[in-house]
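K.L.:
Once you've had a glance at the structure underneath, I'll fire off some questions.
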Amino acid sequence: MSTHYDAVVIGSGQGGTPLSMAFAQAKKKTALIESTHLGGCCVNEGCTPTKTMIASGRVAYLTRRGPDYGVLNPKPEDVRVNMEKVRQRKRDIVDTFRSGSERRVRGAGVDVIMGSASFEYNATLKVKCNDGAEKTITADQIFICAGERPASPRIDGFNAKSFPPGVVLDSTSVQELGIIPSHLIVVGGGYIGLEFGQLFRRLGAEVTIIQRNGQLLPREDAEVAEAMLKILEEDGIKVLLKTSPSSVLYTGDKDPGKAVSVSTSGPSGTSELKGSHILFAAGRTPNTDTLNLEAAGIKTTSRGHIVVDQKLQSSNPRVWALGDIKGPPAFTHVSYDDFRILRANLLEKDSHPTALTTVDRILPYVVYTDPQLAHVGLHEHEARAKFPNAEIQVATMPMTYVARALETDETRGMMKAVIDADTQKILGFTCLGLEGGEIMSVVQMAMIAGSKWTALRDAVWAHPSLAESLNNIWGMLK
Ligand SMILES: Cc1cc2nc3c(=O)[nH]c(=O)nc-3n(C[C@H](O)[C@H](O)[C@H](O)COP(=O)(O)OP(=O)(O)OC[C@H]3O[C@@H](n4cnc5c(N)ncnc54)[C@H](O)[C@@H]3O)c2cc1C
Ligand SMILES: NC(=O)c1ccc[n+]([C@@H]2O[C@H](COP(=O)([O-])OP(=O)(O)OC[C@H]3O[C@@H](n4cnc5c(N)ncnc54)[C@H](O)[C@@H]3O)[C@@H](O)[C@H]2O)c1
């Protein structure tokens, strides 16, 4: 016996959840199949919990800096963190977000099926339900929003099972630590490595980041990555560039701070590091390996992401993919925008006579280090590669030029704008600085409106707002 639906969504990701609700609200018989928990990665183990914990890290940082502001008690060295309380605060916020999501989905009339889906044939799915039952489901339209998971470490001889529980960590398990590691070794200098590395340093751990690439955050322009490196080193984090772990072993040492031994190979040869915990943050793997996509003729890339066209349709015309599972960039707001594209094209054709696509989306992101690293549009190196014949101009300004940053004594970082000199259009903007995400969003608005950079230079911004710096940065244009 199989059950037929108008629409089935696999995975309660950031695009999949609202899409299932939109189909149900359009009176389509809709199911949402979720293997683990509603809300997906973002709510349960991604954005929500990490930004909640990062807020605790910032309070610890500012408390230690009290004397810089004339706040003399407590002494910086006396600041201690209760990790169980930090974790509980995180759990409470995740619970609130997740239960809100559950209420909204069920309230919209979606059939929620808790279990793992895989394809049997063209548009036929088998679901292994979490209660042990098996279901066969067919659908007119299937949407895959099943996301990614932490990539497994690929290190010769490494065996996570040879370590005591809670010593080898990924981006999910690290959030459940009830203690502060004495020395956390982080493999990977990308978004996840930097956010957790700085967080645990602020909570009180010694932190070493091992990064294979020659710079942190390899997509950034070099001077931005260097400014980030300087900030993290000022915070007391040790960063090893052009370095990879060649072996990771459990030592059995009585001193828990020396439980993990990591041999590294880097520019100055091989060396050994000892730490209490190791966090693998070296990329994520798409959850396509258990979906049996070949049975439905759905093509994937060499890295396992689902191949889709500009309207998110896969090589099977009855199947679409949204969010991380279709490949980078992997952000919540991208998955949510994928949902908007599908809703417009499949449910709101009357109000969207021209189909929406993923082409030329102006995409921002924010790395929630402190200060934040925010970016929108093209980096300088991307702009020069994309428009080799254009006159590209660049303005960079240190945050020490920003009055508001000086007043709050948070002047670390820089801003950088990239423009096309002929059209005066803004091609990209980066702010590694205090509330960088909010400043970047102001520039993003100008880019959406198609404004010239001169509009920002000539605008009257409130004094002393951070946005006011958008009057001044253009004086640095070269
Ligand atoms: C630590 C961390 C911090 C992050 N911070 C940010 C941030 O600050 N800002 C930001 O924009 N992005 C952030 N991200 C990325 C963001 O979480 C993802 O881009 C976003 O969650 C992608 O959503 P998605 O819609 O692709 O699917 P996901 O949110 O990944 O959801 C996929 C769902 O599918 C389910 N699933 C998988 N396989 C099956 C199956 N076979 N059957 C049924 N269900 C299945 C999974 O259980 C999961 O619930 C972070 C990620 C991590 C790991
Ligand atoms: N604030 C945010 O928006 C946010 C936060 C966290 C994650 N994310 C999303 O999740 C994605 C995954 O994050 P991530 O940090 O795991 O991946 P990533 O791909 O961004 O970074 C992984 C880093 O690990 C390095 N690396 C790979 N193998 C290594 C090895 N063997 N030894 C040392 N270094 C190695 C790479 O050079 C790379 O810089 C991000 O790309 C982003 O899209 C977003």
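Cβ from N, Cα, C; glycine included.
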K.L.:
TrEMBL has G188, G189, G190, Y191, I192, G193, L194, E195 binding NAD(+). Which one of G100, G107, G283, G297 is in the same site?
P.N.:
G283
K.L.:
Using Cα coordinates, what distance in whole Å links D324 (FAD binding site) and G283 (NAD(+) binding site)?
P.N.:
12
K.L.:
Quiz question: given the recorded positions C42, C47, L194, which has the greatest number of C-beta atoms lying within 10 angstroms of its own C-beta?
P.N.:
L194
K.L.:
Restricting the comparison to the recorded positions G188, I192, L194, G283, H463, which residue's C-alpha is spatially nearest the C-alpha of C47 (disulfide bond)?
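P.N.:
Nearest by Cα distance to C47 (disulfide bond): I192.
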K.L.:
Taking the mean position of the Cβ atoms of G188, G189, G190, Y191, I192, G193, L194, E195, G283 as the NAD(+) site, which residues outside that list, in the same chain, have a Cβ no more than 8 Å away, listed in sequence order?
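P.N.:
Neighbours found: V186, F196, G197, L217, A281, A282.
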K.L.:
In Å, rounded, how far does the Cα of C42 (disulfide bond) sit from the Cα of L194 (NAD(+) binding site)?
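P.N.:
C42 (disulfide bond) and L194 (NAD(+) binding site) have their Cα atoms 17 Å apart.
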K.L.:
Running a distance check here. Ligand 2 versus the recorded positions C42, C47, G190, L194, D324, H463: which have CB less than 6 Å from one of its atoms?
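P.N.:
Near the molecule: G190.
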